[in-house]
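Asks: The structure under discussion is supplied below as structure tokens; questions concerning it will follow.
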């Protein structure tokens with residue numbers, strides 16, 4: 001029992017390293033794609049043509065595969081909380097690659113995550129022996145788990161159909177709520193598929209069982225939905241906000257679902273259960289401290305985006321090639337917004353592409369295209 005838990009622990013740690021890195025790589029890809037087209041948060045899928053996003057996706061697949069195998073050898077109550085290590089990895093990489101500042105107090109959050117994970121590993125329950133996928137199916141159709149599934153689907157439908165169109169761009173809990181709820185169902189179905197594969201490799205083929213294919217189809221559907229809304233959350237909100245909240249909700253719901261379906265706490269002493277819960281609370285506290293020490297990301301204001309579209313039309317009209325990069329225009333506009341207290345400055349853009357600063361006694365050149373005044377951004 002301890003050996004299988006140790007294998008699951010090693011795979012879960014490796015998974016966290018890859019998944020934590022994938023958050024940052026995918027974020028960079030989303031930023032590049034958003035600079036030249038519709039953002040993922042606005043329903044755009046331009047990131048599918050961005051190689052960096054695919055590298056991040058491939059890195060995440062490696063991590064998820066390691067996580068998938070970890071669930072075969074260890075219970076969800078052990079594997080899932082170790083996902084906090086991916087937050088530490090993403091926080092460190094975001095500090096250097098995304099310039100999302102990690103303050104010194106963030107080290108305390110990292111230490112809390114590591115201590116809590118250690119406590120969970122030392123007191124985690126062993127995996128129950130399952131001899132066929134039929135046993136998993138019996139666990140999945142028990143009334144308590146069916147009630148959880150029905151409630152989860154109902155909440156997801158409310159979030160997607162009612163909440164997302166109204167407050168999806170402003171309330172982070174909409175996208176992350178869908179990710180976390182669907183994620184808990186993903187783990188349960190993936191664990192069932194993993195056990196079926198393990199039994200098949202051991203000589204007890206589960207391919208002929210229709211339950212295996214039902215679990216596989218549920219897994220594929222949940223993974224696609226989860227990734228879609230995770231992309232929206234990453235593109236809309238700061239990584240330092242998305243990671244800890246997603247971890248807290250996803251881990252809590254997964255442990256709850258696993259306790260209902262696989263009865264992880266069955267046969268465990270009260271001290272072991274309390275120790276695991278204390279370890280999880282410690283990890284959760286670490287993620288909150290880590291989040292609290294990060295500087296929030298400042299998304300481009302709506303008026304800057306509108307100005308970009310206006311400037312893009314001007315450049316196309318007068319024949320500028322190539323058109324300006326959106327990030328460059330945002331930087332220029334933000335510079336005007338940050339120095340609103342300074343006296344007014346006017347800039348004249350000539351048709352030859354040169355920019356000339358207007359002086360008080362200068363008359364406007366007859367070839368000027370537009371004057372961008374600072375008070376436009378007040």
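The backbone N, Cα and C atoms fix where each Cβ goes, and this holds for glycine too.
Annotations for this protein, taken from TrEMBL, read as follows:
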type     : residues : note
TRANSMEM : 6-25     : transmembrane segment
TRANSMEM : 52-73    : transmembrane segment
TRANSMEM : 79-98    : transmembrane segment
TRANSMEM : 105-124  : transmembrane segment
TRANSMEM : 144-162  : transmembrane segment
TRANSMEM : 174-197  : transmembrane segment
TRANSMEM : 209-229  : transmembrane segment
TRANSMEM : 241-262  : transmembrane segment
TRANSMEM : 268-290  : transmembrane segment
Asks: Mind checking which residues reach the transmembrane segment (105-124)? Cβ under 8 Å, same chain, six or more beyond either end.
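Replies: The answer is 5, 9, 74-75, 77-78, 81-82, 84-85, 87-88, 91, 272, 275-276, 278-294.
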Asks: I'd like to know if the transmembrane segment (241-262) touches the transmembrane segment (79-98) in this structure, counting it as a touch only when three or more C-beta pairs sit under 8 Å and are separated by 6 or more positions.
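Replies: By the criterion, they touch.
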Asks: Considering only the recorded stretches 6-25, 144-162, 241-262, state which has the highest number of Cβ pairs under 8 Å to the transmembrane segment (52-73).
Replies: 6-25
Asks: Sequence-remote contacts (6 or more beyond its ends) of the transmembrane segment (6-25), Cβ cut-off under 8 Å?
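Replies: Long-range Cβ neighbours of the transmembrane segment (6-25): 52-53, 55-57, 59-60, 62-64, 66-67, 69-74, 78-79, 82-90, 93-94, 97-98, 121, 127, 234, 239, 242-243.
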Asks: Against which stretches of its own chain does the transmembrane segment (268-290) lie, if we need a Cβ under 8 Å and a gap of at least six residues from its ends?
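Replies: Tertiary neighbours of the transmembrane segment (268-290) are 77, 81, 84, 87-88, 91, 102, 105-106, 108-120, 122-125, 240, 243-244, 247-248, 251, 255.
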